[in-house]
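Note sheet for the following structure.
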């Protein structure tokens, strides 16, 4: 494929009158050779290529091509590889490092001690008008290795963990290791020289004078007095200079890439450099890096002085700390501690600190308490933190007036005002001797407020006072001031208090607007108020008579009453269900909130008429009314007697069961309160409760006018609930409390007629079902009896709890009737309806006097095959079926045919084979046709073989079948008994 490509790119040359394709050829290039290897480059040389000239007689002339060369390279092995074999070189990794007509080239930018593969490719170039010659194959690749050298200079170190007296420096290996692994590092750490510019520090540490050409490399930093410089070029002149430094050096040599330099000073700058080593020597030092240790806290200030002060502030000065810890002092902090006994007793803070973010050496501490002694400390601060506190000094503020009292509070108590306040925050440095209280009527108009008289009271050292000289329902403003030896403090914040208003006046008795069956519709006039509007009313209704009652308006406190002899007290919290007396003279239960026999109804303030509900119909009540306001409740009004309208009667009471029957209950009750209307009837309902205590629906059973009734239609031994309600012209009252009772047990019902099945000549299976009603006794037993046709007395065949029985030893062909009776401990049921059946007949009786003789033809013909048989027919019987035979009348008897003759003789002729001729006439013959006998024999043989091989398995299956039949029969009996026991009566 490559040759075809070259041919396609052949040079087009004219020869004669035709154009022919001529392909120039070239000599194969030899691999390049390395002349002078170095650590960073290689010089390679190769032999010149030449163009091959073909025979002129063989074809047209080939034009001469200019030759150029392309030097290609790729790195072969990783650093430190010692393998010299040429590996597989991928084509996509070749890089062109030189292109030109020269036969040698220098390759720069290589890495030390690395293997590189080189090859040369010939690039012929023809005349521009001609087709370019084909590309040539490169030469064989050759391996070349650069030499090793010292590492490149590492990057400057960086500071890691920075402490006050130590520094951890970290650095990274150099980018170029020189072809050998790094064997170690040298760290030079010295104090920073602030006198020289930064760009001259590195040079000043190495030399004092610089030659004309300048120093190119730093050869050594350390404490030794000699040093060997490797890898110098022969024939060259070098200048060396040594500089001694009196700065402190810390030198570390080792393979680690970090080192902690101890014994440094806090907050100082240091210069650090790093040098790397390998087998070829050491690298140039890195560029110097500046690091700084962490600063320390400064020393404590000293020489504290008190300059001046007032009642609320003091001025303190001090001297600069002797040591700043390596960082400038940025501020100070003052700490004060209270030492005054009066201020400490007043609950003032015993200690406080004030931070000053400035460098001034004095401060003014304000917001202090007057007349208070303090102990003061100062400490300085820099970027590292706070110093220790200085020695303390004692300062004292001057005495002043006390602060004004705090949190004034006032409230109305009865006909006076109760005032209270808190002591001032400080007493001004002098003990408080008394408090001064000022009281004045409050008004929104400032002129009116200033003109109002001001009451002034000195109330002593107590922080409370009670002023009774006030007007009810009036706003007052009061202020209080504290007094000490210096004078009186400013007045406190004003506090507004309102004296209590008087309760409303006693209302007029309420008027009856309408009498209701369960309440009263009341109406009244609003009473007069005294400084507080009416917030609500209380209407009290009581069956009993009482004279006077009073209660708290909001109901939070107990109601109190002055009552007549025997009357209950009026109070909140009375339980529900107060019993009352009615005109009818009967007591009853009420579900009303009551207070000691008095039913209190809460009414809103805007209402002047109200329907009071929850009362009892046709009952006399004494009704009173009172008004309520924020000042309290008024007195109760004069009681007035009112009667509610007639209504539905009460529920009957004392409902009880007098007589118990199996299907009925006798119920009686007491006549309830009719509530002003005659009772017209009573309704009775019952509810069935089954054995699982599930209650059914209530069913109406009776409506009577008397106080007794009989509940019928019940079932024996069942539990029922019975309730009664009374009705009058206003409707039906509430149902009474249900009474639970159980009916008596009874004999079960008669079962259904039995069913007969599996009839034979002498037996039949009789099956029956349990009766629908067991009379309340689930343990049922049964009696089975039967009689044959014409039999006057029945025969008992079975007594037990099963529901089926097989009756045997019956007479074939006889007509029988069967009856079943159910029994419990209570008694026996009626006999069920009879079931009749006629038994089957027995098979016909066999004939007698059977005789066999040779036929007439057999006597004359020895080869005959016929015999004659005759017998006597059996007598007719009512227990056996008649014999059903064939009567081929007029048909000649032939072989295999039966013929019936008149009388009691039957002749049978049958052809027999010759080997049966010798049989005696008395030999018994097999019954049935030949095909049937053959089938019966096969079946018998199969059963015998099955029994011989699997008798044990057959017996096991029979036993399992018997057990399953017994279990299923027992479960069936139990299910039937359970169904009959749980069936609704």
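Note: Cβ is positioned from N, Cα and C throughout, glycine not excepted.
In TrEMBL, the annotation region 'Disordered' applies to 566-599, one of the ranges 498-531, 532-565, 566-599. Mean predicted confidence for the domain 'Fibronectin type-III' (300-400): the pLDDT average there is 80.
Residues in the domain 'Fibronectin type-III' (404-502) partition by DSSP class (helix H, G, I; strand E, B; coil) as 6 helix, 49 strand, 44 coil.
In the domain 'Fibronectin type-III' (300-400), the DSSP tally of helix, strand and coil residues is 5 helix, 48 strand, 48 coil. According to DSSP, the secondary structure content of the domain 'Fibronectin type-III' (651-749) in residues is 0 helix, 53 strand, 46 coil. When the domain 'Fibronectin type-III' (750-844) is classified with DSSP, helix, strand and coil residues number 0 helix, 40 strand, 55 coil.
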